[in-house]
Amino acid sequence: MTCKNTRRLYQIITTFLRYGIDEIIPDIPLTRHARLGRKALFWVRNQHKDQPFGVRLRLALQELGPVWIKLGQMLSTRRDLFEPELAEQLALLQDSVEPFDGKSARQIIEQALGGSLETWFDEFDEQALASASIAQVHTAKFNQNQPLAGKDVVLKVIRPDIEPIIKADIALMYRLASWIPRLSNDAKRLRATEVVREYEKTLLDELDLTREMANAIRLRNNFENSEMLYVPEMYQDFCHKNVIVMERIYGIPVSDVETLKANGTDMKLLAERGVQVFFTQVFRDSFFHADMHAGNIFVNPNHPENPQYIGIDCGIVGTLNQNDKRYLAESFVAFFNRDYRRVALMHVESGWTPPDTDIDAFEQAFREVCEPIFAKPLSEISFGHVLLNLFNVAREFNMEVQPQLVLLQKTLLYIEGLGRQVYPQLDLWQTAKPFLQNWLNEQVGVKAILRDLKQRAPQFREHFAEFPEAVFNALQQQKQINFRLDELNKTLQAQGRQKSHNVRSIVSGVIILGVLWRFDDLPLWLSCGTLVTVLLVLLLQRKS
């Protein structure tokens, strides 16, 4: 470890000590050296004994700076790992820091674009419009030499020298994380190294603004001409790893409820559209904005009777596959139907809990945790907390962590919070139910069968010529086996007809399995056709 890293580690440790965070260190042999180290730093006292632990942890992270603030924000979404009071305190962390010098921002932009700012822009404001731990934004407008002359823009700039700071602090986090699981079984459950690895990926992705650009373009295309959501345009010719240029938007912050009401906004429709936007992203697009907190969501002040959201900052997004979406849709529908066995089976069928899981015990665990939720009216039930309860139960049955679902659950909590802030009477279930049912119908209904056949048509054409021969071979094999069965029957007659029937049934079952295995590479309906043919032959032979 370098001298610089050692100094930083000392700073981190003493900061935690001044806020009494060391009280969580258990008195066990493994922590003996840590406790001795605490005594060695006897002059560093807990200066905030009158504050609850959650408040002290939040203040400590705030003092340690941007990297630790963002870690706390991420941990606040992991309500499957922490007590609600602690998670709520971490959620109060604000990613707002002093801006760096505007002249430095100008220099970074000019270096990225390869020329003076005045070549492309007028009215560049060196005073940052907003500043966060990773980047800050400045305003300008395209000059008369540009096709979009006079268009207002925002330039986002990565902080200088932030990457080495992040990497140094992440390295220290890994050291601390490797020690945590040895403290206790509860500490193992935190999976601290996985949390740090997930956080590292998120941070490093945010350092590459071309990712944000690509995400914004994809989201904008998904909602092109939509009345529900508008995503500002990215000007790709001006976008680089550390600088992006985008359309400037003018909207009302979604958290400014009084201004929205004064503008005549239809608050009920606005709240419902927030839920609709989220579920459209999840079930239609399999791609969702995963950082939809109040600072990134605005409302178009025009046509307030038909309110439209404006979404910015697409640095963090989530993606889902068919298995993820099926899990979500079926789990929610089964939950609201109070079909806890189906919820349990969904976790096993998804492959996220071991195949030998005791389904009866799993079902009962879901029932005990979820049934009390129905003491509330359906309109007051939180989807985010339902998902959290499902995760908590599943973890007790060794469910593997699904980062994409954790990200989705965090986003769902944001959406619910904003929706009920805008319109407290929002009925999430009634708003989301059509999306869930329509998606399930499309996956298992007639449309799904026709779509599957259409997708498999090339395979069918390729294997069609093999079908008659395959059926003929299967029937020939059946004849040979029947001959041997008859021989076997003669020797078993003394033991009664029932045993003979059982043998025939067992062997027939083996044949059927063999046919299924033999044609597993054929289209679904072609394999089924072969199986039905063999079954008919068996039935006719049995009657004869």
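A Cβ is built for glycine as well, from the same backbone N, Cα and C atoms used for every other residue.
Per Swiss-Prot, ATP is bound by Leu129, Ala130, Ser131, Ala132, Ser133, Ile134, Ala135, Gln136, Val137; the candidate from Lys151, Lys156 named for the same site is Lys156.
Neighbour counts were taken as the number of other C-beta atoms within 10 angstroms of each residue's C-beta; across the binding-site residues Leu129, Ala135, Val137, the minimum falls on Leu129. For the binding-site residues Ser131, Ser133, counting C-beta atoms within 10 A of each C-beta gives the highest total at Ser133.
In this structure, the C-alpha atom of Val137 (ATP binding site) lies 17 angstrom from that of Asp291 (active site, proton acceptor). A C-beta separation below 8 Å, combined with a sequence spacing of at least six in one chain, links Asp291 (active site, proton acceptor) to Asp313, Cys314, Gly315, Ile316, Thr411.
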